[in-house]
Every structure is written in structure tokens, then in C-alpha cells.
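Okay, so here's the structure we're looking at.
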Amino acid sequence: MMRAVWEALAALAAVACLVGAVRGGPGLSMFAGQAAQPDPCSDENGHPRRCIPDFVNAAFGKDVRVSSTCGRPPARYCVVSERGEERLRSCHLCNASDPKKAHPPAFLTDLNNPHNLTCWQSENYLQFPHNVTLTLSLGKKFEVTYVSLQFCSPRPESMAIYKSMDYGRTWVPFQFYSTQCRKMYNRPHRAPITKQNEQEAVCTDSHTDMRPLSGGLIAFSTLDGRPSAHDFDNSPVLQDWVTATDIRVAFSRLHTFGDENEDDSELARDSYFYAVSDLQVGGRCKCNGHAARCVRDRDDSLVCDCRHNTAGPECDRCKPFHYDRPWQRATAREANECVACNCNLHARRCRFNMELYKLSGRKSGGVCLNCRHNTAGRHCHYCKEGYYRDMGKPITHRKACKACDCHPVGAAGKTCNQTTGQCPCKDGVTGITCNRCAKGYQQSRSPIAPCIKIPVAPPTTAASSVEEPEDCDSYCKASKGKLKINMKKYCKKDYAVQIHILKADKAGDWWKFTVNIISVYKQGTSRIRRGDQSLWIRSRDIACKCPKIKPLKKYLLLGNAEDSPDQSGIVADKSSLVIQWRDTWARRLRKFQQREKKGKCKKA
């Protein structure tokens, strides 16, 4: 009898140790209490800090699903007591239809009054290999500190505690109790717990004695003996280990006196059953340090009241638009709050990029999506193409970017300088939007060269007045009538340009023409640019009108690359093709240009 008393005291001491650990014992830092504060998730300066929900008995008042309950149909059961060496049995009736004689599962999680014990009770003699299970759904993820059961019957000889992290879809062992660990659960007896296996269930024979015959306690501490418990904040393994959505207790084997097979075995078997007065699951609503309480949502589901810009049932992700750094669990040192993306008020959505986060020294990884108000960039921090910054407004202003409004004819593109708004103008065009001709230029009818240089009067010794030599017929044949331009002629020449003859000067055996190159349709190896340039033609070619050129006229010139006298400009000779320009040729020459890029000239 004294032994039973001492065991009961030891069991109560174990529960007291658990409660003491919950209140601040070493290795259970995640369950440390906090002093009352106006806002437990912020310090006195308003800075975020870790906050955790209150410690509760998560089983209290919840329904427990059991695989066996006495009373359907009504059945006799006998309670064994001992007086010295004598065993006494007092028999009663379990009747589920009579509230005074029923032992329903609700008694497992009701208010436990030691002066008026209420006990759930199984059917009689459900012995191994049959088992009896108690399944408790917590309603959401909890970080469990302990699971305890107080018995009205003798404690089981073998029992297992399981947990689920996915609302009962899968189960993993939490703890085993048995005098025959290897036989019952294929586990070694009291295996040492190391850092390598601290997330695994162990089997022990503690709390498996048959006595006391009533009032015995089994209490399992989830972190007791786990090596990383002292550094719980930095141990994802143990954080996962204590997490559960459901708890299941499986009673595998009854303790007996060995009289179940004797002559009065029916009376003996009616004395063996499982009966529990109290099932407790001590722990906290799992909120990863980002909430101080759990509340019911619109669907009446239990969820964390998330802070620190977090979201989710367990505050296990960042809320929308707060992806500038990755989600992390809060610790005693760092709140690890989620940070909003910096989009300068021009975007409503963003995403996280780990590569950018690493490159920033782990400070910022947010990338803004769908920038509005004509902005662009990772942070919507510059103006998109076709717009420029209005420096009189902050970048966060809705009208911080102004349209370039580049002239459709005078500008060479739609993109302007991001700072000044200056559009890229074509040759001879000026103005911030390229809307007027520059000094010394006049407007033309060509959309390609809308501004051309104002012509200069030809010199007194004009190229057209040169006397024709007598041997021109044998030297070259001047073109007569209309010349046609085709792909074959285009491919044979090194360059093809549209020119405007401005003036001509005699330079020894050469004529130097100052021309304005309006368009370049082919340039070969020589880099020919639009604008003013020199055209060199030998005097004899000009005298024989090969080619025939007049000042102030526009021509299509197709020629071959040749060094000019001053190493600049282009050279034409009797083999060059010079045709007075027609605006209808522009489209044809652009087609030739495209075909050349596709390699058609090689086949021509």
C-alpha cells in the first residue's frame, strides 16, 4: 500500500515538474511567460518583438473519438481494491442510457474535480492484440508541452501516444510505454536520445506498474531529455517535433492479476478495462512568435491573430505585399517581422527573389509587379520607355513621370532622356520634342529627312560646264533615257545612298562634291553616315558625263568602295549607277535591304 502511495506522489511530482518547466524551466524557452503589456507583440518603443499565446490545456472541453465505450448494451464491471493480501471486487452496471451509470468520452475532457471524479470507461477485457484508441483533434496546430492521463483503472501495461500534423491524415509516434518494448513496439528499451534522433519516439517502462489500482498518472513531456531543448529557437527539428494538430492514445495491453483464465474467469475479466478520468494536452496555439492569441474566424476555425505583417493559420507566411525579405519564425532576440516591398506607391503586388536578397547582403529581395503611373524597375523607381521624370515631383507622386511626346517625324525614336526629356532628333532637327528644323536647315517633304540644309549657290566653274573630250564614246557610255533599278544591280554594288548635291569644287584631277546623304540603303564595309559628306569623281568621268550630275539635284547613287583623295567621303566613277531620285524608290530599296540581310544577294 505504501508503495502505491509513493508512486502516486512521484507521479504528482512529475506533473509539478512539467508545470514548473512550462513557467520558465531550462530548455523550454518557447513556452516562457511574458509580463502583461498593452501590446505584447511590440515593446515600449513600438518595435516588434516575439509574442506567444497563453499556455492552455488544449484538450479541455473538446470531443474525443474513442473506439470503445462501455454501456451499449449495459454490462457489468467490477472495481478491484486491495486490503492487505486480500483482493476485493465491487461490481457495478455501466449503462450508456442512464446518465448516472454512463461513462461517456465527454468525461475525458470535462472539468476535472478530484472530489467528484468522472471517468470514461471502455468495454471489458479488450486485451492484446485488440486495442482501444482515444483520438483528440486540437482544431489547429499547437506546440505541445505535455500529454497526461489520469486513470480510474490500473494503468495499461502497454500504451502508445501518437501525433498528427495534418489533421489526422497521417500519424507519427510520440511516445511508447511498455514493460516489453521490443515485443510490443519493436523498439529498444530506454534508447539514448541524441541530436541525431531527438525527433523520434522512445519506449520506456516508467509509469507502467499496475499499482496504484486507481488514480495512477502517465505524463509525457515532449522536450524532456531532448539535447537541443535548451536552444529551441534555433532548432527547426524540435519545433517540428512538438507541433501537432491531433493526439491519439492507443491502449495496447491490459494489466491483469493472471486470474482471467481461472474458474471464475468471467468475474475476473469483468475487472479488466481501461478507465480515464482526465486527458490533458498542455501547450500553446502555434503562431511562430507572431501572435499573442488565437481567435475564431468566420468559419469558426481557430486561427492565430497574426501580427508583424504575417498571415496564415499559424502566421507561417508573409501577408501580401510584404515580401522584401523571407518569412522567418520570431525568436527571443529578433521579431523577424515581414517587410513591405518598396514600390514607391506605384504597385500593389510584389514577389520575393532570393538571388537579389543575397546580393543585397540579405537586406532586400522584393521585386515590384505591374508598376503603375508609367513607372518601371524593380522598385518602380524610374520612368518607363516614352516617359521622363518630372523633377518637380517626388518619385512617389502619381504624376512623377511625364510623357516624352517625341514628334513622330522629327524624332528618331520614342524614348527620351530620363532626366531632361530631350527626344533623339534626326539630322537637322532640334527642339526638346524634335518639332522644328535647326538653324541653317529647311523643312522638306520627306519623313525620313524632314530637315535638309539650305542649298548654297554653285561655284562659277560648274561641273556641268566642263568641255566634253573627243574620246568619250570609247571611254564610257553615258546613260540615255530612263534607268531601272533592280535587285541584281543593287547586289553588285558596295553601297547605295540617296544624296542631295549641294555644291561642287575642282580639286586637281578630281571634282569634290559636297552632298547631303539623306538615306543609306547599303554600305558594305565602309561606314557611311547620313549628313554632309564629300563625293569624289574624276574630272574625266564628269567631262564624259559618266556619271551625269547637276548641282541642287537629288540622286540615287550605287557605287563600289574606293579610297578617296582625302581618305574621307565616297568615290563614284564611270561604273557607278547615278539616277535622279524618285520618292517611289524608297520602299523598293528598303525591300532590297531586307532581302540582303536574309542573304538573297549571294543568290542574285
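Heads up, the Cβ atoms here are built off N, Cα and C, so glycines get one too.
Candidates considered were Cys338, Cys350; the recorded disulfide partner of Cys341 in Swiss-Prot is Cys350. If you go by Swiss-Prot, Cys119 shares a disulfide bond with Cys152, out of Cys91, Cys94, Cys152. Computed over the domain 'Laminin EGF-like 2' (341-403), the whole-number mean pLDDT of the model equals 96. Using a 10 Å Cα-Cα cut-off from Cys371 (disulfide bond), the disulfide-bonded residues that qualify among Cys287, Cys306, Cys318, Cys343, Cys404, Cys434 are Cys343. With DSSP classes pooled into helix, strand and coil, the tally for the domain 'Laminin EGF-like 2' (341-403) is 6 helix, 18 strand, 39 coil. Looking only at the recorded positions Asn95, Asn131, Cys304, the one with its C-alpha closest to Cys338 (disulfide bond) is Cys304. In this structure, Cys472 (disulfide bond) is part of a helix by DSSP.
A C-beta separation below 8 Å, combined with a sequence spacing of at least six in one chain, links Cys304 (disulfide bond) to Pro53, Cys285, Lys286, Cys287, His290, Ala291, Arg293, Cys294, Val295, Gly312, Pro313, Glu314, Cys315. If you measure from the Cα atom of Asn131 (N-linked glycosylation site) to that of Cys318 (disulfide bond), you get 44 Å.
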